[in-house]
Structures are given as C-alpha cells and as structure tokens.
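Now, the feature entries from TrEMBL:
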- LYS71, ASP107: substrate binding site (BINDING)
- ALA132, GLY133, GLY134, ALA135, ASN155, ARG156, LYS157, ASP158, LYS218, CYS245, VAL246, TYR247, ASN248, GLY268: NAD(+) binding site (BINDING)
- 12-94: domain 'Shikimate dehydrogenase substrate binding N-terminal' (DOMAIN)
- 268-297: domain 'SDH C-terminal' (DOMAIN)
Amino acid sequence: MDVTAKYELIGLMAYPIRHSLSPEMQNKALEKAGLPYTYMAFEVDNTTFASAIEGLKALKMRGTGVSMPNKQLACEYVDELTPAAKLVGAINTIVNDDGYLRGYNTDGTGHIRAIKESGFDIRGKTMVLLGAGGAATAIGAQAAIEGIKEIKLFNRKDDFFEKLFNRKDDFFVFEKAVAFAKRVNENTDCVVTVTDLADQHAFTEALASADILTNGTKVGMKPLENESLIGDVSLLRPELLVTECVYNPHMTKLLQQAQQAGCKTIDGYGMLLWQGAEQFELWTGKAFPLDYVKQVMGFTA
C-alpha cells in the first residue's frame, strides 16, 4: 500500500494494544477497497485519553476505535451518542465529522451478529454474562434490544480482578454493572439481574437454566491464557452455547472447557470481524470486503 499525502488517519486507542488484530484487519480491508485511509494503533489509557482526543481533532483524523480501558470514559468526550451507546454506557467507535464527534458501539451488534450467523436465535433465551466492562455491557444491551428474555450478569464485588490484572479498571466495577442493569430494565423488555461472581451457588443455579454463557471479560487473554472463570467444568452442559470475546489466543481455556463438555462454541474472531465491519462502514461510508477479510485473516466466523 502506497500512502500519499491524501490519506486520512484512523486510530485505535487502548492499553495494552500491541496484541490487537484490528490494524491488520482494517488495513487489509482498506487496501482491498482502494480507500485513502490508514489505520494505526496508539497506546492510550484513561490517564492520557483526553489529550489523545484533542490530538485526534487537531490532526483531523477520520476517527478512532476505542478499546480497554477507555470505552466508558470515551462517552464523556464525544458530542453525540447513539441510543444504543447511551444504553450501554460505553463506546468502541468515534467518527470525526469536521470536529464533531459521534460515538457508537459496534461490539454488541458484532457479537450478536456472530451468534445469529451460527444459526442460534437469541429471542426468548436466557444469557449468563460475565463482566461489566464496555464489551460485556454492549453485548448485553444489544441482546436485550434484539429480544433476549433474561440476562444474569455476574461481576466481582471485591478486588479479585484488580489483583489478577495488577491494576484497577472500570472493567469490573460492580456499581457500573448495577447501573447498566437499571438502564436496560427501564428501556427494554429484558430482565437483567446482577450478582457477585463470588457467589458460586447463585452462579451454579444460573448456568443450570441458561441457554448462553458469554465471557465479556479479558480473563483468558494473553498473558492470562491459562485462566478461566469456570472452575467446575461439570457446570457446562452440551445444550449450552458458549461465546467468547477474547480472540488472542484464538482458543481460550473457556472454549476448550466448553468443547470438552460438548457445548457449541463461538470464538472471539466472530465479534472482531462483525464489529470491525460496522466500524469500517461508519468511517468510510463503503461496504466492508467481508469474504476477502475472512480469507486473508484466516477467520472461521
């Protein structure tokens, strides 16, 4: 790809970020479509996010992707949020129209699209959702919008995850999970409950009646690839659909456990692909070359 002075910049702001497949995926798509954009990743956390957004405006970037730990904070720095993004309380996409910033969340639509593409109908079903960060709440909100009956959200109240990741994140703040549940319950027909993940009795009961188990946390992502929030594999039933947000590694410990238990699984590539396709179209106004990207990236979604 020959980058000229006519090219515009699209970014990805997150920390850590060097593991991300989004730059490779988006640049392959942009090159295939012959569009004058280039996509780059920037290490930005919530202490530098405000200045990064000022830089985005100053450089007249077309927009940026937003990932952990900035998804919820980013809502404060855009001029407009879509209704779905308001429900989620987090965004993963910013589009810059001459300094006017619009915030979108394609994580939820991407993940639910991956589920639907597998042939699974979420309407009237019950989901156990792990985590309350930007990705998890996006998935929960979109599932509620598209007709899921009940979401049993589990999140830790204590500092378990803070110690595990050696930092404090909004990712697992219990109060944010409660606030999210309130928004969904007030604005959709879905019923969302929030329970401490440390309550293993409640977790066991929830899984026993669930149709879907979704990991919306980064547990299982490198360097925690040997970790899973499922301690007892016998909780996984063959009729349970297990879905994953983590894609690095491709086959997380949770997915390995699920496959051993005979569950149908959906890996993190599906969400990455479909959320990225929607981002591409928001930034460029052009169709995402889906089949080409699936082929060159080796995605099975």
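Using N, Cα and C of the backbone, Cβ positions are placed for all residues, glycine too.
Between GLY134 (NAD(+) binding site) and LYS71 (substrate binding site), the C-alpha separation comes to 6 Å. On the 0 to 100 pLDDT scale, the domain 'Shikimate dehydrogenase substrate binding N-terminal' (12-94) averages 97 in the predicted structure. The two recorded residues, LYS71 (substrate binding site) and VAL246 (NAD(+) binding site), show a Cα separation of 16 Å. Broken down by DSSP into helix, strand and coil, the domain 'SDH C-terminal' (268-297) contains 25 helix, 0 strand, 5 coil. Most buried of the binding-site residues ALA132, VAL246, judged by other Cβ atoms within 10 Å, is ALA132.
In this structure, of the binding-site residues LYS71, LYS157, LYS218, the smallest number of CB atoms within 10 A of the CB marks LYS157. Put simply, ASP107 (substrate binding site) is 13 Å from ALA132 (NAD(+) binding site) when counted between their Cα atoms.
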